[in-house]
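According to TrEMBL:
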DOMAIN    83-227  domain 'Flavodoxin-like'
BINDING   89-94, 141-144, 176-185, ASP211  FMN binding site
DOMAIN    282-523  domain 'FAD-binding FR-type'
BINDING   ARG301, THR537, SER597, ARG598, LYS603, VAL604, TYR605, VAL606, THR607, ASP640  NADP(+) binding site
BINDING   ARG457, TYR458, TYR459, SER460, THR475, ALA476, VAL477, TYR481, GLY491, VAL492, ALA493, THR494, TRP678  FAD binding site
Amino acid sequence: MDAQTETEVPAGSVSDEPFLGPLDIILLVSLLAGTAWYLLKGKKKESQASQFKSYSIQPTTVNTMTMVENSFIKKLQSSGRRLVVFYGSQTGTAEEFAGRLAKEGIRYQMKGMVADPEECNMEELLMLKDIDKSLAVFCLATYGEGDPTDNCMEFYDWIQNNDLDMTGLNYAVFGLGNKTYEHYNKVGIYVDKRLEELGANRVFELGLGDDDANIEDYFITWKEKFWPTVCDYFGIESTGEDVLMRQYRLLEQPDVSADRIYTGEVARLHSLQTQRPPFDAKNPFLAPIKVNRELHKAGGRSCMHVEFDIEGSKMRYEAGDHLAMYPVNDRDLVERLGRLCNAELDTVFSLINTDTDSSKKHPFPCPTTYRTALTHYLEITALPRTHILKELAEYCGEEKDKEFLRFISSTAPDGKAKYQEWVQDSCRNIVHVLEDIPSCHPPIDHVCELLPRLQPRYYSISSSSKLHPTTVHVTAVLVKYETKTGRLNKGVATTFLAEKHPNDGEPAPRVPIFIRKSQFRLPPKPETPVIMVGPGTGLAPFRGFIQERDHCKQEGKEIGQTTLYFGCRKRSEDYIYEDELEDYSKRGIINLRVAFSRDQEKKVYVTHLLEQDSDLIWSVIGENKGHFYICGDAKNMATDVRNILLKVIRSKGGLSETEAQQYIKKMEAQKRYSADVWS
């Protein structure tokens, strides 16, 4: 009836006319005939189309597939598996550990599969007990200020906020954390405890890995006891020695057309050529670099100030957020690795998962070339873990080399010690290992399978979008150091950035980036006083904070006392943003407290200044409910600053040690104490 329109008639005239006139009847018959013809024609077309593949029915097909793919229970049942290993991973280590556990399950009659909680219907955990002798293992990293990783957030919220019945679920948890951070392994500890509270059965004790030490060693030590306990619990036996099996099969593809080959895209093919928002970790924005200038004035070290142009990207950021950047590996290292593996780097290939039930069909975007894989997709500068060395041993032409690699990848105490000394302490990456074990010549495709994925690097944003809405600034120290073997190791991302200089008359160099939101924020009211402690590049987010407060002042708003503690080696060498900071200080925007550790005989650090300023600190955090921020080194500086803060709270607030700890915890809960730290 949509085709009929209502016409206005004078009031009172409706009853004088018949309901349908001759013209109305003709129109109605025509309309009905037309509709019937259209429907019949549509049915005929549909029957013809059903003989061919039609786009109109694809969405249904895709949705059905997604539902099946999301069901890890169905995958376990259809493939006769009993072990599922979930991972919460931000940098790839937890995912790698999960893969190793699932692979090892075969030798314990526990054929396993790896699962990403973000891609699974985790409510199916309640059904896992229906599979006989089943086991769920969780490899969970703690990230940021005690947070779950991005791919684990929904699962974490689900078990946290629902009163579930997990009776009959067998589980074990291995946590990945870093002892230099205050919330060490918070996520692993919580999930282990929460699953037990919900009635699940812990098969083996919680494992806690410390990334500040050798997390590989923690994992292996836990795993050594985990498998015998699992065997005892389920009444099964080990099938014997490790079975070294390839997870992916090689398919070389010389005939694939050039427009189907990945050249560095993270997910969607050609996403770096045809850019379209929204931009995120799987679809980064190729940002032009507008400025790349040196901040250090002398001293031999380098610190870069880099400005990325985000105009037209629809990306938004706030002071305190992080910029993530996808770097590329050093060309020379890629070439050396290719030669060591006797590889033709421009060969087009795919690695295809031999586990057809896995949602991960390839370890990285395929098809691609070996050169692209080693340049864009693989961490070739990472120190190889023991499972990589164990597999490389099989490609040694000389027995002594094979025995050495097997020895340092073993679980024997002296083997672990040798691994620590030869790999960790000497900072040997895969290229160095193959150079120093001359009879080892692994095939390049197996190396590509073994190496972890190249991860984005994160930097605290050092600008405010209120002042710079179309650019994002970062502050980065160039990483470069000599190893015990006399080699020069370079940071992947900062070396990549150091080469990206815009030149007049040339297209601006571009870098794939995305913005990651943070909880590191200025208080909502600009009049709230704040203390910021940021030595070295820890200054970065505070530069954005100060710009924001200056902007508020320019708008006529009242701003609270803004105290910055900054430290570096020498005023004449590495006092970054000196002119800006001194100007803010002169104009009364900030109370600037600086420490130059090597400008006098006795070293002075920001911690010394904080100890002198206990009255100021208590005035801000105790009397005026201000905010306290730390950014920079987690291992020493952040710990020392927190201890000084505890001391101030105890002495000025008249509190006990326990009460002072509770005071800081309350500040954290109120977002009045925040740390953006790294180790």
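Each residue, glycine too, has its Cβ placed from N, Cα and C.
A separation of roughly 13 Å, to the nearest angstrom, links the Cα atoms of ARG457 (FAD binding site) and GLY92 (FMN binding site).
Summed and averaged per residue, pLDDT over the domain 'Flavodoxin-like' (83-227) gives 94.
Counting only same-chain residues six or more apart in sequence, the Cβ atoms lying under 8 angstroms from the Cβ of GLY92 (FMN binding site) belong to GLU379, PRO452, ARG453, GLN455. With respect to their backbone Cα atoms, TYR184 (FMN binding site) and TRP678 (FAD binding site) stand 13 Å from each other. With ALA141 (FMN binding site) as the anchor, the candidate binding-site residues are ARG301, TYR459, GLY491, TRP678, and the one with the nearest CA is TRP678. In this structure the C-alpha atoms belonging to THR607 (NADP(+) binding site) and TYR181 (FMN binding site) are separated by 18 Å. Note: the domain 'Flavodoxin-like' (83-227) comprises 65 helix, 35 strand, 45 coil (DSSP; helix = H, G, I, strand = E, B). Taking the Cα of GLY491 (FAD binding site) as the reference point, the closest of the binding-site residues SER89, ASN178, ARG301, TYR605 is ARG301. When every Cα pair among ARG457, TYR458, TYR459, SER460, THR475, ALA476, VAL477, TYR481, GLY491, VAL492, ALA493, THR494, TRP678 is compared, the largest distance found for this FAD site is 23 Å. By a simple count of nearby Cβ atoms, those within 10 Å, the most crowded of the binding-site residues ALA141, VAL477, ALA493 is ALA141.
Note on the binding-site residues SER89, THR475, SER597, THR607: the fewest other CB atoms within 10 A surround the CB of SER597. When the CA atoms are compared, the binding-site residues lying within 10 A of TYR181 (FMN binding site) are TRP678, out of the candidates TYR459, THR475, ALA493, SER597, TYR605, TRP678. The Cβ of ARG301 (NADP(+) binding site) has 12 other Cβ atoms within 10 Å, all protein chains considered. Considering only the binding-site residues SER89, ASN178, VAL477, ALA493, SER597 (NADP(+) binding site) has VAL477 as its nearest partner by CA-CA distance. Fewest other C-beta atoms within 10 Å: among the binding-site residues ARG457, LYS603, that description fits LYS603. Comment: NADP(+) site residues ARG301, THR537, SER597, ARG598, LYS603, VAL604, TYR605, VAL606, THR607, ASP640; largest CA to CA distance 25 Å, whole number.
Local packing around the binding-site residues TYR184, TYR459, TYR605 was summarised as the count of other Cβ atoms within 10 Å of each Cβ; on this measure the leading residue is TYR459.
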